[in-house]
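Sharing the record's features from TrEMBL:
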- Gly239, Glu275, Pro276, Gly277, Arg278, Tyr375: pyridoxal 5'-phosphate binding site (BINDING)
- Arg278, Arg314, Tyr318, Glu347, Tyr375: substrate binding site (BINDING)
- 29-373: domain 'Orn/DAP/Arg decarboxylase 2 C-terminal' (DOMAIN)
- 36-281: domain 'Orn/DAP/Arg decarboxylase 2 N-terminal' (DOMAIN)
- Lys60: N6-(pyridoxal phosphate)lysine (MOD_RES)
Amino acid sequence: MDHFLYRNGHLHAEEVPLSDIAAAVGTPFYCYSAATLTRHYTLFKDALNPLPNLVCFAIKSLSNVAVLKLLGDLGAGMDVVSGGEYLRARAAGVPGDRIVFSGVGKTREEMRLALEGGIRQFNLESEPEMRALSEVAASMGVIAPVTVRVNPDVDAKTHAKIATGKSENKFGIPISRAAEVYAEIARLPGLKVVGIDVHIGSQLTELEPFEQAFRKVADLTETLRAQGHMITRLDLGGGLGIPYTRSNEAPPLPTDYGAMIKRTLGHLGCEIEIEPGRLISGNSGVLVSKVIYVKNGEGRDFLILDAAMNDLVRPSMYDAHHDIVPVIEPPPASPSRAYDVVGPVCETGDTFAKGRDLPLMADDDLVAFRSAGAYGAVMASEYNTRPLVPEVLVKGDQFAVIRRRPSFDEMIARDSIPEWL
Ligand code: LLP
């Protein structure tokens, strides 16, 4: 459920008409609903209670500092994958002991930054990384809390580009070698084992692959404990999928996911950490865009928008579907037409949808891409020297620009011409 609904014939974000925001901010823009973000975070909390738990929002899905502050103030932890994300979480006021550091290639500088600023744990992904962290922590005279991300070799049954839990993927350490790696950690200075980490992929629409992976983690917990390791936390990653279409069969709900976690891991007495991104942010955001031209091509009609693949790359990158709806609600039984919905960037790949049924559209009409809160703004680029799209946060009847659109002068001023040229 989200808070983007038609009221009096206008699509609203909570109590604010999106057309009012468009008039104030210009298009395109991303718009997030505070109520939806809060609701989705709370669903996870409720699903895991009464197990001791920390819901760490995967910042990579939506990293605006205002959004992080909103979630952080609710008590959320954060899952970061770079020094930049770590600094964003801190800038939002999230204390280091609620931040977990994931990612396959943490650099020594990033490790130092997090150890200096405070960190809940590093999720280690390889032996070279483990040795590097040991050296960095020991040289600073501190102890780094760690888990090892194990690769359970299960098929997440999702898009190949976002599946991470098969042995051929670059992520984690094969679960079969985990005991060996934990033994080495115990011997290394500067490291302290606190638990186990697993993340098998994103946009999972079934619980079964999670359950398979978590059962393996349960067995590994017992094995490692028998070998004398203190396993007190299990970080289960993110990955629960969202409905991208209204007609789609809905993925499992956080309550089902939470119940499955309790069933498979509840007996171990561990603190449970999860790292959801998309389920919290995805349906909390829309991308609003304006029709520049309706172009009648040969045998097809194009809707040329002022948003493009650089603003929302998911359709061209993963063939992802986003529902596209008019901001002004069409009257019942009004005629529709199949449009190819495209952006103005000079590539055929700059296509959001082909043959999409929409009410008859005209130049300057506004449309909204639904489910664009996750992996939308964060994956945007300035391709074609198009400014990064501004972000707006709505709460009740208030809205605020939480990242403004840069001017062309600012963008161009970042380049410099060497004096020898
Ligand atoms: N934890 C780790 C270690 C991850 O790698 C990810 C996502 C998450 C948590 C959050 O997963 P989520 O709950 O959001 O599924 N750009 C792609 C998605 C990439 C996901 C990468 N890892 C897309 O637009 O679909």
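For all residues, glycine too, the Cβ spot is worked out from N, Cα and C.
Mind running through what each feature is packed against?
Around the Cβ of Gly277 (pyridoxal 5'-phosphate binding site), 25 further Cβ atoms fall within 10 Å across all displayed protein chains.
According to DSSP, Arg314 (substrate binding site) is assigned to a helical segment. All protein chains considered, the CB of Arg314 (substrate binding site) has 20 other CB atoms within 10 Å.
Across all of the domain 'Orn/DAP/Arg decarboxylase 2 N-terminal' (36-281), the predicted model scores a mean pLDDT of 96.
The Cβ of Lys60 (N6-(pyridoxal phosphate)lysine) lies under 8 Å from the Cβ of Asp79, Val81, Glu85, Gly277, Tyr375, Val378, each of which sits 6+ residues away along the same chain. The DSSP secondary structure for Lys60 (N6-(pyridoxal phosphate)lysine) is helix.
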State, in Å as a whole number, the widest CA to CA span among the substrate-binding residues Arg278, Arg314, Tyr318, Glu347, Tyr375 given in the record.
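So the binding residues stretch over 28 Å, Cα to Cα.
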What are the non-local neighbours of Glu275 (pyridoxal 5'-phosphate binding site), defined as same-chain residues 6+ apart in sequence with CB under 8 A from its CB?
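Correct list: Cys56, Phe57, Ala58, Asp79, Val100, Ser102, His199, Asp235, Leu236, Gly237, Gly238.
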Quick test of your reading of the structure: among the binding-site residues Gly239, Arg314, Glu347, whose CB sits under 6 A from ligand 1?
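Going through Gly239, Arg314, Glu347 in sequence order, those close to ligand 1 turn out to be Gly239, Arg314.
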Sort out the sequence-distant neighbours of Gly239 (pyridoxal 5'-phosphate binding site) for me: same chain, 6+ apart, CB within less than 8 Å of its CB, listed by position.
Ala156, Thr158, His199, Ile200, Gly201, Ser202, Gln203, Leu204, Phe210, Pro276
Relative to the Cα of Arg278 (pyridoxal 5'-phosphate binding site), which of the binding-site residues Arg314, Tyr318, Glu347 has the closest Cα?
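Nearest listed residue in space: Arg314.
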Let me know the most crowded of the binding-site residues, choosing from Tyr318, Tyr375 and counting other Cβ atoms within 10 Å.
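Of the binding-site residues Tyr318, Tyr375, the most buried by Cβ count within 10 Å is Tyr375.
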